[in-house]
């Protein structure tokens with residue numbers, strides 16, 4: 001098995017390919033990416049047979065921006081017989097995976113794959129039973145064993161392989177299933193909700209998204225992102241010249257400040273969160289975010305960077321490198337993650353958490 005499949009947003013295959021090629025090369029793993037426009041996935045083929053396994057085990061999935069999921073696969077299975085698709089799949093996985101903890105039969109996130117997804121749902125039950133009989137899956141689901149992936153790219157045509165539960169997306173097809181809240185003021189609320197699920201471990205929510213925290217939402221109108229913070233019982237300063245939804249103002253938790261998000265300066269020193277979804281050039285937003293972090297105006301931030309039409313991976317990489325350089329220059333240790341979320345379009349979402357000062361004499365967050 002010398003290939004890695006990476007699922008991505010349709011239309012962003014080139015960015016996904018550029019990223020995996022770059023980040024694999026930094027680990028001295030070389031290969032080439034097979035890219036098909038709007039396919040919703042990329043196949044990265046390694047020159048050395050064991051390198052695909054190295055990628056899915058050692059390249060942190062959390063470091064990838066454009067990939068929704070990542071798993072190692074073998075050769076493409078073609079023309080599966082309609083009367084017995086199971087036997088060839090079991091044959092491909094025998095000797096490759098032993099006692100996997102979960103099965104995911106998936107497709108790319110495209111309109112063309114919607115019919116295929118119906119088949120995948122029906123096919124999962126008999127395939128799971130056959131894989132359990134063959135010892136490829138355990139008799140019960142467990143998050144401690146590898147995930148078995150069967151990825152259909154067309155009827156009767158699939159890749160088979162696996163990923164590791166501590167280095168993959170926990171979500172089917174890499175997509176969290178979120179429901180739009182009827183009382184939210186805009187659909188953008190789902191971006192922040194998804195970001196919280198992707199960037200913050202579930203067992204840390206009560207501590208890091210606690211009742212009574214203070215938060216700032218820059219460019220808040222009409223309040224889609226503020227809504228998520230209010231839902232977590234935070235006190236929110238919503239900064240925007242445009243009006244906020246009355247339903248949010250009625251909670252008593254929101255202070256609306258009619259100011260430009262780029263000019264606003266906080267007057268409290270205990271702000272836990274700053275969030276920002278402003279339509280502006282990514283370099284300008286990155287500079288503002290770096291300013292907030294360097295000055296210690298917030299502990300954690302989630303913000304969006306709008307992408308240009310070309311060289312998107314390069315642009316995002318430069319923006320993240322700028323923020324990292326500013327933090328390094330001021331002796332601030334921080335954790336930076338970026339991801340193009342399912343609910344993002346021509347943008348990526350970034351999370352930065354200040355951890356501690358790298359120089360003596362300063363105490364930041366633990």
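Going from the start of the chain as shown, residues are counted 1 onward.
From the backbone N, Cα and C atoms, a Cβ is placed for every residue, glycine too.
Among the candidates 166, 203, 277, the one that Swiss-Prot lists alongside 188, 221, 222, 223, 224, 240, 260 as binding S-adenosyl-L-methionine is 277.
Long-range C-beta contacts of residue 306 (active site, proton acceptor), restricted to its own chain and to partners at least six residues apart, with a cutoff below 8 Å, comprise 279, 280, 281, 282, 285, 346, 347. Over all protein chains present, the Cβ of residue 224 (S-adenosyl-L-methionine binding site) has 22 other Cβ atoms lying within 10 Å.
Of the listed binding-site residues, namely 240, 260, 277, the sparsest Cβ surroundings within 10 Å are found at 260.
Looking only at the binding-site residues 188, 221, 222, 223, the densest Cβ neighbourhood within 10 Å occurs at 223.
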